[in-house]
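This report refers to the structure that appears directly beneath it.
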Amino acid sequence: MQRNMLKSKIHRAVVTHCELHYEGSCAIDENLLEAANIVENERIDIWNINNGERFSTYAIKGERGSGMISLNGSAARRAQLGDLVIIAAFANVDEEELKAGWKPDLVFVDDKNAIKGSRDHVPTQSWT
């Protein structure tokens, strides 16, 4: 059996550009793409923390080291400059890979979209 699992996440990135008339996509700083194991043209889901919008597009390379998160084409209507977003990608993983310890790549950024940390799991949520 295959399970559709979280593969990659860039958590709380800041939208730096909205380019309505650019060919549709989301340009992401190459450093972030590599850290999160997202490749060019891979489908990504974007969840806007500020307004609750959730949409899908595909990733393209943004200038390395720029901190760029550019929503392009119709995606530009889903956020404003400065909005916080979560960018996620998923993969089909078989049971054997899961049993062998398969883990996602989770990347955490600061307010300039510089990497401040990473890990391979989401902590258990508690009521404290």
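Keep in mind that glycine also has a Cβ here, set from the backbone N, Cα and C atoms.
According to Swiss-Prot, the protein has these features:
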type     : residues                   : note
ACT_SITE : SER25                      : active site, schiff-base intermediate with substrate
ACT_SITE : TYR58                      : active site, proton donor
BINDING  : THR57, GLY73, SER74, ALA75 : substrate binding site
MOD_RES  : SER25                      : pyruvic acid (Ser)
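Taken residue by residue with DSSP, the residue listed as 'active site, proton donor' is part of a strand. Long-range Cβ neighbours of ALA75 (substrate binding site) (same chain, at least 6 residues apart, Cβ-Cβ under 8 Å): GLY24, SER25, CYS26, ILE46, PHE55, THR57. Of all the Cβ atoms in the protein chains shown, 16 others lie within 10 Å of the Cβ of TYR58 (active site, proton donor). Long-range Cβ proximity for SER74 (substrate binding site), meaning a same-chain Cβ under 8 A and a gap of 6 or more residues, is found for LEU20, GLY24. A simple way to gauge crowding: the CB of GLY73 (substrate binding site) has 16 other CB atoms within 10 angstroms, across all the protein chains here.
Recorded residues the residue listed as 'active site, proton donor' and GLY73 (substrate binding site) have their alpha carbons 11 Å apart, per Cα-Cα distance.
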